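What Swiss-Prot says about this protein:
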- 640-822: domain 'RdRp catalytic' (DOMAIN)
- Asp647, Asp757: Mg(2+) binding site (BINDING)
- 913-1395: region 'GDP polyribonucleotidyltransferase' (REGION)
- His1273: active site, nucleophile (ACT_SITE)
- 1694-1884: domain 'Mononegavirus-type SAM-dependent 2'-O-MTase' (DOMAIN)
- Lys1705: active site, for mRNA (nucleoside-2'-O-)-methyltransferase activity (ACT_SITE)
- Gly1728, Glu1729, Gly1730, Ala1731, Gly1732: substrate binding site (BINDING)
- Asp1811: active site, for mRNA (nucleoside-2'-O-)-methyltransferase activity (ACT_SITE)
- Lys1849: active site, for mRNA (nucleoside-2'-O-)-methyltransferase activity (ACT_SITE)
- Glu1880: active site, for mRNA (nucleoside-2'-O-)-methyltransferase activity (ACT_SITE)
Amino acid sequence: MDPIDEQEVNVYLPDSYLKGVISFSETNALGSCIIGRPFLKDDFTATTSIRNPLIEHKRIRDTKLVKNIVSNPQYRLVEPLQMQHELLSVLSPNFILHTANLRKIIQRSVDITDKKLNPILHILNLNSPNQEGKVSERLTRLIKKHLSHIPNWVSSWYNIWVNLNNLLQEYRSKEVIDHNCVLTRQLSGSFIHVVMSQYGVVIISKKSKRYTMCTYNQFLTWKDLALSRFNANYVVWLSNVLNTLNEGLGLRCRLKGHLLSKLYISTDIFLSSTSNEFYNVVKEFEGFIMSLILKQTEEALFSTRFYNNMLNNLIDAIDRARLEYLARCANSAARINLPSTDVMIASLGDILSLINVLGESNLNNLSELYFIFRIFGHPMVDERKAMDAVRDNCCETKFLTAKNLASLRGAYVYRIIKGFVANYNRWPYIKTRVCLTPTWINYLDTNSCPSLLEMTEDDFIVLAGVHFIREFHIPKLTDLEIILNDKAISPPKSLIWSCFPKNYIPQVIQDEYARRYCRAKAPLKTRRVLEFYLQDKDFKLDQLHRVVVNQDYLNDKEHIISLTGKERELGVGRMFAMQPGKQRQVQILAEKLLADNILQFFPETLTRYGDLELQKILELKAGLSNKNDRSKDSYNNYISRCSLITDLSKFNQAFRYESSCVCSDLLDELHGTQSLFSWLHLTVPLTTIMCTYRHAPPDTGNNYNVDDIAEQSGLYRYHMGGIEGWCQKLWTTEAIALLDTVAVKGRFQLTSLINGDNQSIDISKPTRLGTRTQSEADYDLAINSLRLISAAYKGIGHKLKEGETYLSRDMQFMSKTIQHEGVYYPASIKKILRVGPWINTILDDIKTSTESIGSLTQELEYKGESLMSSLLLRNFWLYRLYSVDLKDHSLCGKQLYRSLIKVLKHLKRCFNLENLGECLELFLNVPMQFGGADPNVIYRSFYRRTPDFLTESITHLILILKHFRRDLEFNKDNVSKAVLSLLEFTKNDSAEFVTLMRDPQAIGSERQAKITSDINRTAVTSVLSNAPNEIFRTSALHYSSTENELNGIASGVSPVYPHGLRVLYESLPFYKAEKIVNMVSGTKSITNILEKTSAISYTDIIRATNMMVENLTLLTRIMKPGADTSLDPDTIVITILSKIIRDKSWDVGDIIGVTSPSPVSCFKVVYTSTLQNNSVVIERYTTDTYTRGKRGPTKPWVGSSTQEKKSMPVYNRQVLTRGQRDQIENIAKLEWVFSSVANIDSLLNELSTMTLGLSLRKCRQLFPTYLSLNFLHRLSVSSRPREYPSSLPAYRTTNFHFDTGPINKVLTERFGDEDINLVFQNAISYGLSTMSLVEQFTGVCPNKVLLVPKLQEIQLMKVPIFQGGFNLQSIIPIIRQQHMFLPNHITPAQYIELFLSSKQFHSRINLKHNNRFKLVLQKDYFNGENMIETLSTCLAGHWIIILMLMKESQGIFDKEWYDGFVTDHMFLDLQLFLSSFKTFLTVFNFAYLKVGSNIEEITGNQANLLELLDLGYWKNMYKVFSETKVRLALLKQDLSFNSVKNSSSFRHWFINSLQEVQCTSVPWVVNVTRNPTHLKGVLQYMKMIESGMIQGYSANISSVLSIPYNYPDMAHMMTKIIRNRGHMSYDYPKMKKSLTFSMTDMSDSYMLNLFPKVECSYMSGYLDKLDDTLQLLKKPPVGRKVPSVALPWHHCNRYNFVFSSTGCKVSVIDMLPKHFRRSNLKVICFIGEGAGNLMLRAVLEVGGNIKLIYRSLKDPDDHHVPVEFLRLKPCYPYIDTGGSLSLASTDATNKAHWDYLHLHWTDPLNLIVCDAEISGVKHWLKILHRWYEHMTSCKHCLKSEHDKYLIIKYHAQDDLIDLPHGVRLLKCNICLGSKLSGSESYLLIGLGLSNKLPVYSEVLHSKLLLAECHQFHHPKYLDVSGINTNIKSLIPMLDYPITYNKITTLLESVRELSSNKNKNTMWIGRNPVYHNKWLKRKYFNILKWLKYCIELPAFRMDYNSFERIEMLYPNLRDLVDSVSTSELKKVIKVTGILFRSNTM
């Protein structure tokens, strides 16, 4: 670079480093400088750049070409956008050559892919040839066939890109030599000339006689556009080609490429005729596509509204853009006349119709298009205009309503209170008790909190008056993690001028600036937070605390807010601003306090969730909102649901002081600060806000002080609103509180996920449908709630954006992923668009480039998308990179190419390959881990991973090699040779793993990609050790010495176990030191510093490289396998290698880490349906029971995974800082892992005293209650290695079921089979990938895949048991030297404060003096022998804890509690389980649920509590108990379990069984200090022992027993022990035949007498009616009064039966003709039989062992098992329930149904009984038709000569209806037992001449006759169990016999139910409101009715009496209203029992 006179030098960084943002001001400055008058806009930038241009701009101006053009009047100046179309349609003359190149590259990428594909298909056994040859050959043939004519829409974009790219490359290679060069070139084959430099580009078109100036960045963007378009089109073309072979091979979208190309071009043309402002119009396309998506997913109601809205927006956008343009271009040179609106609308119409056609109404296409829109380029961002937009927002007047603000504050208070109650079991301390109403004072005293459903709006107003007292501490010392986020900051006000280039600011200011700059302290000069600290030598850790306490931040003279031009969204007036370091610090602190203390009360904020958790939540939401799955609640209301996705305009700026201080004041009170949380609103209005973008300087008027400069565009004061990103968290929490008020107002349940202004809200509300359809109900709810939300926001000054607020019934659209009906629509093309921009930006670093190509294309494999598309795209670019770009690289010439050739020659020699082409194919297929021959990269890929990763890589390498050379022998030498031939360096035999101990986990799995390599680390440490700031200096020093010190401490402990060391490592200060070094080394600041200091010396590099080489050569040493055994040659090496690595990991010399073998080499994939021995089975769940939409090759499901949480004790945790909490946990972990080491206590004591200042004894009380057993287990299992093919873990969804059971022999004995999933994660992932790939390559997903281990060597390491001792001496100096990294000591005051607030601890501390209590829990329950007992009691404990949890979390995100417990239940002792369940229930009822006042009452109440439990609980429990292995085990103990067929019958069985057992002794969980974790529970339990309720206990209490882990973990552990000891053949306890049903021994005749006598009348005389008699029949019966009764009295004699009672109104045998002989009946078939009561009666009447065929329509909520039949005849052998049939084949109108009737028995079906409820006569006749068909065509039924009959239920119609041909009605039966006003009759139908069906009036006629002349009969005998069940399901507290006294006492207690102390009696359906309102009312009304009935005098059981009874009862209306219809029937059943004694 020529030395230029210092006065002129003014180098500035071009803005190209702000990728993607194109600066308007810079373009304007460049253009104005060149033409000498304003270019784009007449503003101060233009003025300055004309007056004092930058030297770089002058250079371009003075180019000869540019001068000529500017002075030539024929050339017209336009703005850059207007050249876009012309530039992007330039095809170079050698188009054919480029296309040939393209073809060649694709051809090669197909070859390379083929080499990878073959091994994959080989492993999957898919490559066996068929007619057309192998799969892989078919694929390659297919693509090569299409290659001959690559469509124009692919090749032209490639050509355009190559053209632009060549120009750029040429410029870059010139620039390397001459930094200031300006390149002038003609774009090949066009009339376009380009003058290019890094500081600006001039484009001149000789064709259209136009020219323009733009920034370098704009040019890059155009090149990237061409590239992105090529990429998108290439993938679309590939994918379409692949899909022709087999659907699912390509991507799921079916876009049409030529249309895509047309879309790009027409949009370009549209933009090129307009101006920069019109990008806003293009942005509206998104809305259009969204409206198309809604059209697909939603009903018309939802989508049309959005669609119309959107079209209006488009027109508005055009008008707005036009006005903006006219305003901007006044007086500027580049002004044009815009086309008229009509013309624009016409061209827009074309574009939109193109989009419409492209979408093809296919969601996959639309979601792809939705995201593809970045492909049209970026607008230029005008920084000044952005500031003006912000200023306008501020000046807007806001109207806030006081009521809204008050209720917002109230809701915020409510959230905090609720959070405290949930987390700390208490209210926060409050000052103003006065303002609370009595109700709230009551809540305060009981430390409880109502749920939202119980609140009203006034409650919020009441709470708004609450003030808090301080609860949280501000940390005295700054936590270093606060400091270390490397954000940008602004210079202080006095140095603000450093932002602008010198030329742009007046000389006066320049001089003054220079003077001040010299005087300023180092930290003030920097622009990044991190350096601000690094440079500060006076830095004290308590500084920040002082600033906050003294409120220095409120009037800081140096405060300025500067806006930079970096952000993309500036155009719309989003202001991203920076402030000086000091203020930034305060802001960071405020955010941190919020995050640590407050966010936990707002679970809806997304800031808390990681990606996986978020995905899990979204999956749950998708499942919940699925519209195919809508449910009704227990009151038969339809639960309407809708989703809202809202977007608020200018969310942050709309928050004024008024609207945020209502909440921030509360936070200040809680933290004891003054206005810390509203600092923003208090300081910002007083500061100047200024645009500091370098090309947009203010007009200073020579004032140095910013405050004196007049306001202007880009500089203003008195900013009122918020600022983007500064208080995000606070505002998010406010938004959540606001939604609480909305939920209360609208009375619906609302769950939301909120991130600032982006909200996804789900709303549900039970409603009565009335005449509306479900979708109308949903729509009403959506509109109503949108109105409420909109109003609520308006009240606090916010506005909802119309176009971006979507209403939907069932679509999730969060964080830009679209989900519908549970199917995920991942926009794959969007992901690879990024493959464009970096290809050149990072081209300097080929290695990084290859890595990112690999990882970005891998996105295409994600979620089971297309492997082929991914491989072909990746290989295309890799091949181009290595074979084209490397040959002449713009920065390093041929150097890299030479080294590549060197590697290829290695390979060629090593494997005798034929040519270098083949070597390149091999090289590009070697897993990227081998880093393309660069030792640096290969090291980078190894040091972050475990050796598994190594095993995997080598496996892959071998697989691929095997396909290159069939004859290659694989032995250790060849493997080593293969690895080494890829690397160029020599090896060293005596190497050790040098860096390993830095990261004991493995070779550095924790150290993410933050550090590029060790070279960088070395540099960072050396820079840091010179930093002025002491903390950074010492951390660097400590960091370098860590390794030896840690080894010193643990040298005496054996074995040296990496995971164990990790725990120790984290509890010592190194960890923090390393964290600092790590964090620093990843930041931008450090890169800047490194550049400045060039701290990396040559020796450092040599050292680091040597270290890597040594580490790598160690691999070759490890790879010396032992004795060869006879196995597949390729497996052997790897498995042995794997084993060796594993063994070595114990050897102190080389710590490597634990490993598990690679699934690819250890499993053989088998597809069969028969089960093989010893294999992992992966199978699909059956598809007909799916819940979340269909899925197949083209629709993957949403997948996810979860994490468990440790439980913490309930002390007052806010007192501790995060550091202290972590340290406590670390010490607890240490104790846990190393408990077997001799001097562990001394070590812990040392640690806790020195790091926390507490003795170990005190510290123990703060330990987490228990650590999960899994924690240790996780230590023993390796981290999961790479799967193959790489990225499919997300395929792990609900769709598959793994059974690793068959491998049990080897593994499960050691690890219960629930954990095996953890161990076998890699196998499972592998299996799932297999599934996905098979699905892609064959188009069919296999139902089952077996992974058969090739060898028995899959063995897992046990967790080590440590011996020896720690070296304590070495710990003390470490802690003393590095004290600054330790948490503060916990002071005595803090320690006391910890326990003060927690009531539980009060009692715990008092109990310390009570020695008796300490004694109580000394003894262990588990003594080594009583495994089964321990298991059974722990499982009971587990289910009770779940019961408690379900009560507490009335939330929507409930987990599936039964996961992982199936195996444990196999070994249950049922009797013991039930006894302990009963004990726990009693204890917890009393202690926690506060039921009843004394123990006797509770015991009675248990069944009631269980009856009222949410069905979800029983479903969960039934899921476990119905698993085959558990079921079989339980049947051995209790036969009656056989009758359990679904969750409701399970509930019935369980509750009944519970009543048979006594309470027993149970163990209690204690923590390390042997303190009970369920304190109240234990105390209550002791009371029970004292009162002698528990069997086998004297009053001596000293032996309450304990267990050390929580119940589930203890149970798991027992299961493991049982299996290890081979208790598989364990003798189950012999039990009596049945625990519960004594009546299973009832004789058939006894049972028959449980049915009442049936009263029927048979109609005849209707057989051949004439028309005139018909007219008479249609008239209503004369003279008969229909008895008017409101209650379903026909149920009054059915009280013996629970689930159904059809058998009480009709008898099958009575219906049959007299001549029919019972002996003809071998089998009866029942259709639509429900619970099977009629079937039971038939069996009893026919007698003998008759065979039954039972079919009932499968409906998830209804019985499809004959539960009533099984209740009374549990073990009936001859019944075919059709359990395995699908939904279709249980529907009698379907032919399939009739085909499957002879599934089990081939006897003829002489009698079929159909009791189905059939909608519509049409369907009813269809069944008759099907019956006739079957009887006349079925070969089994034709065998019999007897008559064939069908008994069928029929609802008579008003009109005469003919029976179908060949079907004759023989007899019509009308029952007294059916509904009086109904039209029900039972018909006997045979074969014969067809006749007519009875009409409604006839049936009614007969029924009334019956009702008048006959009465109901009681059954002879009673079934007390059934009766009790009926009574309890209505009123749990009541039982048989019912007496007057029982009823009156109950009535009294129900009256008291509302009083507060009994608030928690029961709960239903997780909704406390129902409980408070309905329960009380329901019980009350039913009891009143029963009381009335029991007092009645004797009467006849007929309708006259019933009518009288109803008329005399005054409260009938109340009774009917408070009870649902099904409950009403039960009420009548119970009433019937009362009548039994007093009927005549």
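Cβ coordinates come from backbone N, Cα and C, glycine included.
Shown here: features listed in Swiss-Prot, placed on the structure.
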{"residue": "Asp647", "record": "Mg(2+) binding site", "Cβ contacts under 8 Å, 6 or more apart": "Asp757, Asn758, Gln759, Leu800, Lys801, Glu804, Thr805"}
{"residue": "Lys1705", "record": "active site, for mRNA (nucleoside-2'-O-)-methyltransferase activity", "Cβ contacts under 8 Å, 6 or more apart": "Val1654, His1690, Cys1871, Leu1872, Gly1873, Ser1874"}
{"residue": "Gly1728", "record": "substrate binding site", "Cβ contacts under 8 Å, 6 or more apart": "Arg1751, Ser1752, Leu1753, Ala1788, Cys1810, Asp1811, Ala1812, Glu1813, Ile1814"}
{"residue": "Glu1729", "record": "substrate binding site", "Cβ contacts under 8 Å, 6 or more apart": "Met1735, Tyr1750, Arg1751, Ser1752, Pro1762, Val1809, Asp1811"}
{"residue": "Lys1849", "record": "active site, for mRNA (nucleoside-2'-O-)-methyltransferase activity", "Cβ contacts under 8 Å, 6 or more apart": "Cys1810, Asp1811, Ala1812, Glu1813, Glu1880, Ser1881, Tyr1882, Leu1883"}
Stretch-averaged pLDDT - the domain 'RdRp catalytic' (640-822): 85
Cβ-based isolation winner (fewest other Cβ atoms within 10 Å) among the binding-site residues Gly1730, Gly1732: Gly1730
Out of Asp757, Asp1811, Glu1880, the listed recorded positions, fewest other Cβ atoms within 10 Å surround the Cβ of Glu1880
How would DSSP class Glu1729 (substrate binding site) in three states? coil
Around Ala1731 (substrate binding site), how many other C-beta atoms are within 10 angstroms of its C-beta? 27
State the three-class DSSP label for Glu1880 (active site, for mRNA (nucleoside-2'-O-)-methyltransferase activity), counting H, G and I as helix, E and B as strand, and everything else as coil. strand
